[in-house]
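Structure, as structure tokens:
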Amino acid sequence: MATAMYLEHYLDSIENLPCELQRNFQLMRELDQRTEDKKAEIDILAAEYISTVKTLSPDQRVERLQKIQNAYSKCKEYSDDKVQLAMQTYEMVDKHIRRLDADLARFEADLKDKMEGSDFESSGGRGLKKGRGQKEKRGSRGRGRRTSEEDTPKKKKHKGGSEFTDTILSVHPSDVLDMPVDPNEPTYCLCHQVSYGEMIGCDNPDCPIEWFHFACVDLTTKPKGKWFCPRCVQEKRKKK
């Protein structure tokens, strides 16, 4: 019964995942198409400029080159948005994997506790073990349930009930995020952490870090124009 409730709970948690993934992949395809359209526009603008450059005035040349540069900037913006979206998608899937790992660990621990309790009762310690164990579990379940109700949104109610189900439902989302991450996952930013939330890329092509979390560089929205990370800005000042 506990296994069925555990499975139902996890399936509920990933119910919207396919739709979210489909949406993100669709957005990435749209960004790809926009980039291709803009590249085709750049080819046309470049061909026109080359064929007419001798007849253009200096101001007209600057104007045509500015259009080409703006188109390239737009291409880079689309590419940055696509990378950002890909990182968010990776984070979304990784969060569910880590949650599954956490739930499996708790499920195995619960089974182990029940098996140990059963062995103890069969060896003659039934009354003392059972009474003390139930008292401790009631206290633990009560605290867990209050934490869940106060700190997390209301979840769909499940039919039936068990100590294991109560334990799973009382797990705070932060417990999942605190699980160890994949050691092979790349790290970014000044904090040397994995990708999460909104991130921004440094426009210095030689930047050793490349990507930064908004909060770590005191950003709340994506700035207009080029952006350089604090480390690259400092290096640039030293060279002056």
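Note: Cβ is positioned from N, Cα and C throughout, glycine not excepted.
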Query - From LYS39, LYS76, LYS114, LYS226, the one Swiss-Prot labels N6-acetyllysine - result: LYS114
Query - Listed residues SER118, SER123, SER170, with the one flagged phosphoserine by Swiss-Prot - result: SER118
Query raised in the report: C-alpha of LYS114 (N6-acetyllysine) to C-alpha of CYS191 (Zn(2+) 1 binding site): distance in Å?
Result: 42
**Report entry** MET199 (site 'Histone H3K4me3 binding') versus binding-site residues CYS189, CYS191, HIS213, CYS216 - nearest by Cα
**Finding:** HIS213
Report summary line: For the zinc finger (186-235), the DSSP residue counts stand at 9 helix, 8 strand, 33 coil
Query - Fewest Cβ neighbours within 10 Å, where candidates are the recorded positions CYS189, CYS191, MET199, CYS216 - result: CYS191
Requested in this report: Please name the residue among the recorded positions LYS114, HIS213 whose C-beta has the most neighbouring C-beta atoms within 10 angstroms.
Outcome: HIS213
Query raised in the report: Applying the rule Cβ within 8 Å of the centroid of the Cβ atoms of CYS189, CYS191, HIS213, CYS216, what extra residues of the same chain belong around the Zn(2+) 1 site?
Result: TYR188, LEU190, GLN193, PHE212, ALA215, VAL217
